């Protein structure tokens with residue numbers, strides 16, 4: 001109780017019907033996520049032709065999504081059953097840390113996948129090809145930096161506290177001290193604004209490169225008096241473009257899922273009167289549900 005902010009005491013208990021609905025939703029998304037990401041990892045690791053440097057990033061994305069739901073899913077089921085957090089203050093902090101860690105690793109893995117597409121499509125032969133060593137270094141960097149940022153609340157830079165609905169835990173966005181808010185400013189920049197800026201930058205040039213390539217192919221085909229050019233280079237470029245579209249779709253779905261979390265943090269800091277327990281719980285539930293999207297999108301590819 002000492003970890004719960006006074007802001008939440010002004011609200012009555014949530015409608016009891018919310019908990020069964022939330023439990024069913026989490027059961028559905030949890031099973032889909034764990035099964036989908038497990039299959040993704042298994043297929044990529046056991047199919048020799050798929051064990052490429054670029055696909056190491058895909059496997060890392062599936063692993064971070066799997067770990068997120070594996071650690072978030074069971075506690076959420078328990079808290080929904082009991083209508084309150086029953087797992088103690090220590091596990092509350094661990095729960096929030098793991099959620100932040102996996103979310104951060106997921107978005108930065110998507111950023112590196114996007115950057116790899118940018119390198120292949122925009123730079124072409126001038127770009128340095130992704131090697132297994134380089135991909136492994138990227139993955140190590142993702143997890144080290146994500147752990148560094150997410151472990152900070154354990155040392156006093158912000159705190160991990162229960163949400164107002166008492167079914168989950170997260171960062172403290174209601175404290176008004178400069179230290180707590182500075183963490184949210186930096187963390188929002190690190191996990192949302194900077195990745196979004198990099199992603200937009202890469203895709204602007206990817207789209208330009210694809211458009212220029214398609215125009216060049218049409219002009220060349222017109223000069224030759226045929227409908228299209230069906231050579232190996234065109235097929236390869238077309239495959240790369242399809243992969244870029246898949247990556248772009250996945251990134252868009254990720255940002256759609258995690259934007260509510262950003263809004264919750266900033267509304268909590270600057271307009272807390274609009275923040276209710278129901279709003280916070282569904283914001284974070286849909287954020288966790290993004291772990292379901294990625295294996296579906298990559299399975300289609």
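Backbone N, Cα and C atoms are what each Cβ position is placed from, and that goes for glycine too.
According to Swiss-Prot, the topological domain 'Extracellular' annotation covers 1-18 (among others). Beyond the topological domain 'Extracellular' (1-18), the same-chain residues lying 6 or more positions past its ends with a Cβ under 8 Å from any Cβ of the stretch are 83, 89, 92, 159, 161-162, 164-166, 172, 174-175, 272, 275-278, 281.
Annotation comment: Swiss-Prot describes 19-43 (among others) as transmembrane segment. Under 8 Å from some Cβ of the transmembrane segment (19-43) lie the Cβ atoms of residues 50, 58-59, 62-63, 65-66, 68-70, 73, 76-77, 80-81, 83, 167, 281, 285, 288-289, 291-292, 294-296, 298-299, all in the same chain and six or more residues away from its ends.
According to Swiss-Prot, the feature topological domain 'Cytoplasmic' maps to 44-55 (among others). Here the topological domain 'Cytoplasmic' (44-55) has a mean pLDDT of 88 out of 100.
If you look at the transmembrane segment (56-78), the same-chain residues 6 or more away from its ends with a CB under 8 A from one of its CBs are 22-23, 26-27, 29-30, 33-34, 37-38, 40-41, 44-45, 86-87, 91, 95, 98-99, 102-103, 105-106, 109-110, 112-113, 116, 132, 135-136, 138-139, 142, 167-168, 288, 290-291, 294-295, 298. Taken from Swiss-Prot, the feature transmembrane segment covers 56-78 (among others).
Helix, strand and coil content of the topological domain 'Extracellular' (79-92), in residues and according to DSSP, is 9 helix, 0 strand, 5 coil. Residues annotated as topological domain 'Extracellular' in Swiss-Prot: 79-92 (among others).
Residues annotated as disulfide bond in Swiss-Prot, with sequence analysis given as evidence: 92-169.
The feature transmembrane segment is assigned by Swiss-Prot to 93-115 (among others), with similarity to another entry given as support.
Under the heading topological domain 'Cytoplasmic', Swiss-Prot lists 116-134 (among others). With DSSP classes pooled into helix, strand and coil, the tally for the topological domain 'Cytoplasmic' (116-134) is 14 helix, 0 strand, 5 coil.
As annotated by Swiss-Prot, transmembrane segment applies to 135-155 (among others), with the evidence given as similarity to another entry.
Residues of the same chain lying 6 or more positions beyond the ends of the topological domain 'Extracellular' (156-182) and with a Cβ under 8 Å from any Cβ of it are 3-5, 7-8, 11, 14, 19, 22, 75-76, 79-80, 83-85, 92-93, 95-97, 99-100, 264-266, 268-269, 272, 275-278, 280-281, 284. The topological domain 'Extracellular' annotation in Swiss-Prot covers 156-182 (among others).
Within the same chain, residues at least 6 positions away in sequence whose Cβ sits under 8 Å from that of residue 165 (N-linked glycosylation site) are 14, 277, 278, 280, 281. What Swiss-Prot lists as N-linked glycosylation site is 165, and the listing cites sequence analysis.
Look at Swiss-Prot and you will find 183-204 (among others) tagged as transmembrane segment. Sequence-distant neighbours of the transmembrane segment (183-204) (same chain, 6+ residues past either end, Cβ-Cβ under 8 Å): 103-104, 107-108, 110-111, 114-115, 117-118, 122, 149, 152-153, 157-158, 171, 173, 244, 248, 251, 255, 258-259, 262, 265-266, 269.
What Swiss-Prot records for 205-245 (among others) is topological domain 'Cytoplasmic'.
Annotated transmembrane segment per Swiss-Prot: 246-267 (among others), in sequence order, evidence recorded as similarity to another entry.
The topological domain 'Extracellular' feature in Swiss-Prot is assigned to 268-278 (among others); the stated evidence is a curator's inference.
The transmembrane segment annotation in Swiss-Prot covers 279-300 (among others), and the record cites similarity to another entry as its basis.
Neighbour density around each Cβ, counted as other Cβ atoms within 10 Å, peaks among the disulfide-bonded residues 92, 169 at 169.
The Cβ of residue 288 (N6-(retinylidene)lysine) has 26, 29, 68, 69, 72, 76, 99 as same-chain neighbours under 8 Å, each 6 or more residues away in sequence. Under 8 Å from some Cβ of the topological domain 'Extracellular' (79-92) lie the Cβ atoms of residues 3, 13-14, 16, 19-20, 22-23, 26, 160-162, 166-169, all in the same chain and six or more residues away from its ends.
Reduced to three states, the DSSP call for residue 165 (N-linked glycosylation site) is coil.
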